[in-house]
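Participant: The domain 'MTTase N-terminal' annotation in Swiss-Prot covers 3-120. Per Swiss-Prot, the feature [4Fe-4S] cluster 1 binding site maps to 12, 49, 83. Annotation comment: Swiss-Prot describes 143-377 as domain 'Radical SAM core'. Summarising the annotation, Swiss-Prot assigns [4Fe-4S] cluster 2 binding site to 157, 161, 164. As annotated by Swiss-Prot, domain 'TRAM' applies to 380-447.
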């Protein structure tokens, strides 16, 4: 009987990428296949996030729920990976003794060996070391699932923002060799991938030798240009970037590389210089706005998303008003916004915080409502326009429809004969937007690129 692995992912797209790699590693070494049901699994893995306290506690809550599965099946392997694992280490086993494996983001490639040692010794295995970029040398070829794919180009972060635990859980910035990244993407393109998202905690800090042993360094802008030259790749996205390292060379890339989408996720975190300084972000609001102005001079239709932290220690009403002024000026398409959550071991955790939680919650609700209004306004403005999308899959709610994403990352559902689905998935098509919903769009198929004009009957 085929053995199965269940992976639950918390947090960012880096974790989503790592979860896919866990499945790939165990599939290649152990023959495991992915399941969406923990009750059917022989291996259960939690890929964790420690950016916010709520996500961290959710992990232990979920561990408690699978404990009875372990009691019913002592051969079941339960593992905890990701940033909580890096932060807590063996303390996870002390708190939940039924956990068999604890591994960090840099050691997921060692999962098969850790499982073997657990079975041989009967003892929990903990490996949260930082072997830099070693894991990429031990990962099997990626298994393609659709025309879009994530590709990790670097690991770690060296910015040490005062509130952030990532440098302590993922280590310092280390870039993958240029050849490795391009080889992986070329392999994905050969398997039908048309769109890649380049991943890193701070992708625009990417620096790598042009070739093995080369003293000539390729930066992130140059990497994008190389990726654009790979046959079959039609769209390039990336996340996450840092305003401090948004160079003029990277800005110029938006003029030189049409395949680079007109959508940017650029976390600002706050709209007050005083708070940004306390956060140790390394830029001012004016410097952030200058980057956006330069980009929109090249791409007037550039859509912008961001991250915002409300209620950072010392935040006044004036500080929050400055944040809202920035939101109105930048016209953000989306914002991942949260109330500040102090993380143990970070400098900000020692700052005095005298703002009542109800005030923070009210500010967050105001921010999110304003962003939602802007999202709807942008969606409404797209009605009647022709948008080029990459068809990714059948629509989730209606099997007679297909779904894809616009350049500004909106999901578009459109009707198409079922007989045409296999042909259209993976194609770039033009759709006319006919209706805007809060979090998606509805369209009508107009044209299939590199193909005959589409028909809907």
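Heads up, the Cβ atoms here are built off N, Cα and C, so glycines get one too.
Structural setting of the listed features?
Facilitator: Over the domain 'MTTase N-terminal' (3-120), the average per-residue pLDDT in this prediction is 91.
Sequence-distant neighbours of residue 12 ([4Fe-4S] cluster 1 binding site) (same chain, six or more apart, CB under 8 Å from its CB) are 49, 51, 240, listed in sequence order.
Following the DSSP three-state reduction, the secondary structure of residue 164 ([4Fe-4S] cluster 2 binding site) is coil. For residue 164 ([4Fe-4S] cluster 2 binding site), the same-chain residues 6+ apart in sequence whose C-beta sits under 8 angstroms from its C-beta are 51, 157, 343, 346.
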Participant: List the Cα distance (Å, whole number) between residue 83 ([4Fe-4S] cluster 1 binding site) and residue 161 ([4Fe-4S] cluster 2 binding site).
Facilitator: 16
Participant: Could you count the residues of the domain 'MTTase N-terminal' (3-120) that DSSP puts in helix, in strand and in coil?
Facilitator: 66 helix, 22 strand, 30 coil
Participant: List the residues in the vicinity of the [4Fe-4S] cluster 2 site, defined as same-chain residues other than 157, 161, 164 with C-beta within 8 angstroms of the site's C-beta centre.
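Facilitator: In sequence order, the nearby non-listed residues are 159, 160, 163, 165, 166, 167, 201.
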Participant: In sequence order, what residues of the same chain, 6+ apart, have a Cβ less than 8 Å from the Cβ of residue 161 ([4Fe-4S] cluster 2 binding site)?
Facilitator: 269, 279, 280, 281
Participant: Report the DSSP secondary-structure composition of the domain 'TRAM' (380-447) as helix, strand and coil residue counts.
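Facilitator: Looking at the domain 'TRAM' (380-447) with DSSP, the answer is 10 helix, 35 strand, 23 coil.
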Participant: Please report the three-state DSSP label of residue 157 ([4Fe-4S] cluster 2 binding site).
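Facilitator: The residue in question, residue 157 ([4Fe-4S] cluster 2 binding site), is coil (DSSP, three-state).
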Participant: With every protein chain in view, how many other Cβ atoms are within 10 Å of the Cβ of residue 157 ([4Fe-4S] cluster 2 binding site)?
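Facilitator: Here the count is 22.
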